[in-house]
Structures are given as C-alpha cells and as structure tokens.
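What TrEMBL records for this protein:
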type: BINDING; residues: GLY23, LEU24, ASP25, ASN26, SER27, GLY28, LYS29, THR30, ASN126, LYS127, MET128, ASP129; note: GTP binding site
type: BINDING; residues: THR30, THR49; note: Mg(2+) binding site
Amino acid sequence: MGLFDKLAGWLGLKKEVNVLCLGLDNSGKTTIINKLKPCNAQAQDIVPTIGFSIEKFKTSRYSCSSVLHPFSYSFFHQLYMEGQAIIFVIDSADKLRMVVAKEELDTLLNHPDIKHRRIPILFFANKMDVRDALSSVKVSQLLCLENIKDKPWHICATDALKGEGLPEGVDWLQGTMRAHVNERGSVRLHSQTCSPC
C-alpha cells in the first residue's frame, strides 16, 4: 500500500481532497509522489519531470493527479483555488538555494487563492541522508516558518528514497484534514515544480 492509502482509509466514501505538492526542481517531489502511490503503481526508476505532465493513479478509494510544471501561479489558478492542503518539499542539502525556496514559499503564501485560507501546509525537509544536510529545525528557521500564523503547518525531516519521515507527515496531514472532509469522493494530488525565473 502507498502512503496515501492511509488517507484513503479514513476518507472512505467521502469528498475529494485536492493536495498540491510544490517545491523547487530537484527537491524530491517526484520521488515523494512515487512513495505516496500504491505499491503496485510505484515506479522502480525515478526520472525527474521536465516540462508539463499529468499523471493519475487510482485505488478503490482515491485518485491522484500529479501536475509538474515550472512555477506559474497564474497558470495554475484553478489548482490553487481547489487545493485543500499543500505539501512543500525542500532540498535540505541545497543550502545555496534555500533563499530561492523561501522566495517561492513567500510567493505562494501571498497568492490570492492561498493567502486568506487556513489551508494546511506540510513541509518535507528532504534529503536528510545527504552529508551536511540542514536539520528540519534549521530549514524551518531559514524559511521563517514561525511567521506562518494563519495556517496549520508541520515540518518533517525526510529521506524520500527510503521513505523515512513520510509516514509522520501523512499522519499529521490526515489529522489536520479530517475536519475538512465530509462528503463522498477521492484524493487527488497535484504536484508542481518551482523554477527560479
């Protein structure tokens, strides 16, 4: 079973949940999305997404769509409006681009379709297996996550290749989103790659 099967377990026959998966290119979004899939749908070899692609996978309880594209908030206006949760992936080993990740996060948080909503944000501080990777506490400080006062958020240290830290994040997301899910449907995951302009 994939990690999102845990979400499906409590969703049952409830409303569709749209989860946006965002982050800079090469942060590990594609690998994380692969780990969220049911085991029989997981790819053995992960190839970074270039350009635009849509991927859908289903089990009996949910469907998941993955959209990867260079950051274009106006282009994905509809996705942001419908998004009910955000997974923001950070490459903890890429210290030089941490400033860029913060800029992209700030842009996201100030987007009109996100700014005034209490949408939960799960941060995956990925690539913790890499030597000298920043701790999740340090990543949180550099991204100034303590300034996010109007949205529930959580940060997990992860090694997406091994799946470490992902269950903790999914558990938090499950608990946080439970109150927002009350009708029949499925889970859909949208993913987008941030690229510096």
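Yeah, the Cβs are placed from backbone N, Cα and C, and that goes for glycine too.
Any TrEMBL annotation is an automated prediction that lacks curation.
Within 10 Å of its Cβ, the residue among the binding-site residues SER27, THR30, ASN126 with the fewest other Cβ atoms is THR30. Note: the CA-CA distance between THR30 (Mg(2+) binding site) and ASN126 (GTP binding site) rounds to 12 Å. Listed binding-site residues: GLY23, ASP25, LYS29, MET128; maximum Cβ neighbour count within 10 Å falls on LYS29.
DSSP assigns LYS29 (GTP binding site) to a helical segment in the three-state reduction.
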